[in-house]
């Protein structure tokens, strides 16, 4: 008899708990608040990188699987037809997060109300052109786009410059968008960072996700310094330094560095086109970590406004190791810099100072 009563009580309690759970779930469905869509601008959206980047953003790779997106796609008038085709494909893909697509050749319309701007468009380097020739063309482009962002983007708009010369283009953009906080204007060196991780992964035959804390110092150019002195690999017996595991300083100080520095040129030679998929993926990584944060104990490389850290002239857009939290980046402080690294870091800083001087001379 007692067992029968006990069974009845168990059944009653179970049914009550089940009904309670169903009621809570029903109430929660009404209380669920969807995020407001973020407006993401991609310039040069009809180009290769833009074509690879737009679906990644629309799928949630950049800002997370629960963040609705409105894409603003900008390109020049001769690319208008291709740009419209990109818009049609985005619509046809039926991305659940994509709440709208604005495709335009009007820079003001493109910049209206944007929260995040990915500046992929720029004057391409053509055969026979020097880096400075490209720079002089891009100064005018970035001057116009900066003015439009200044007037029409949201107040706290985050900007990532991808088009080369990325560091100096970002500096020009800062010059003509003074109301955008200097900490909100960055350039892409995450592609170089990812390349460095991948080279170590391949050398040690370990998953790339087990390698962390490489650093790209300086300019997104052939003077950049890929640094593994603080990098580690997660192994079965804990974290170990990359230098200890590779056990080949000759390779790390020479071939590894030049491979990362010249990887873009190697891809152009093999593909007859510049990096697109990897650049788009790196742009997503850059913004994702900036907005959503870096994992604890991990830093990434971003081209940011120098505050004088590590003896780098303030006011340059220079690639540093950074951590991100709550939408803000912070330069990792206190890393030991030995003589070999110091020379490499200073050499790339000098190139950036020369580029800055040339770019400013183009503005006169």
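Along the chain as shown, residues are numbered 1 onward.
Using the three backbone atoms N, Cα and C, a Cβ is placed for every residue, glycine included.
Look at TrEMBL and you will find 220 tagged as active site, proton acceptor. Other Cβ atoms within 10 Å of the Cβ of residue 220 (active site, proton acceptor) number 29 in total over all chains.
Per TrEMBL, the feature NAD(+) binding site maps to 44, 45, 46, 47, 48, 49, 50, 75, 138, 162, 163, 164. Cβ neighbour count for residue 46 (NAD(+) binding site): 25 (other Cβ atoms within 10 Å of its Cβ, all protein chains included).
Annotation comment: TrEMBL describes 125, 131, 164, 195 as substrate binding site. Taking the Cβ of residue 164 (substrate binding site) as centre and 10 Å as the limit, one finds 22 other Cβ atoms among all the protein chains shown.
Each residue of the domain 'Lactate/malate dehydrogenase N-terminal' (39-185) gets a DSSP state, and the totals for helix, strand and coil are 68 helix, 27 strand, 52 coil. Sequence annotations record features per position, and here TrEMBL assigns domain 'Lactate/malate dehydrogenase N-terminal' to 39-185.
Annotation source TrEMBL lists domain 'Lactate/malate dehydrogenase C-terminal' at 189-356.
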How many Å lie between the Cα of residue 50 (NAD(+) binding site) and the Cα of residue 220 (active site, proton acceptor)?
-> 19
Considering all pairs of residues in 44, 45, 46, 47, 48, 49, 50, 75, 138, 162, 163, 164, annotated in the record as contacting NAD(+), what is the maximal C-alpha distance expressed in whole angstrom?
-> 18
Distance between residue 164 (substrate binding site) and residue 46 (NAD(+) binding site) at the Cα atoms, whole Å?
-> 17
Counting Cβ atoms within 10 Å across all protein chains shown, which of the binding-site residues 48, 138 comes out on top?
-> 138
Which number gives the other C-beta atoms within 10 angstroms of the C-beta of residue 163 (NAD(+) binding site), all protein chains shown included?
-> 24
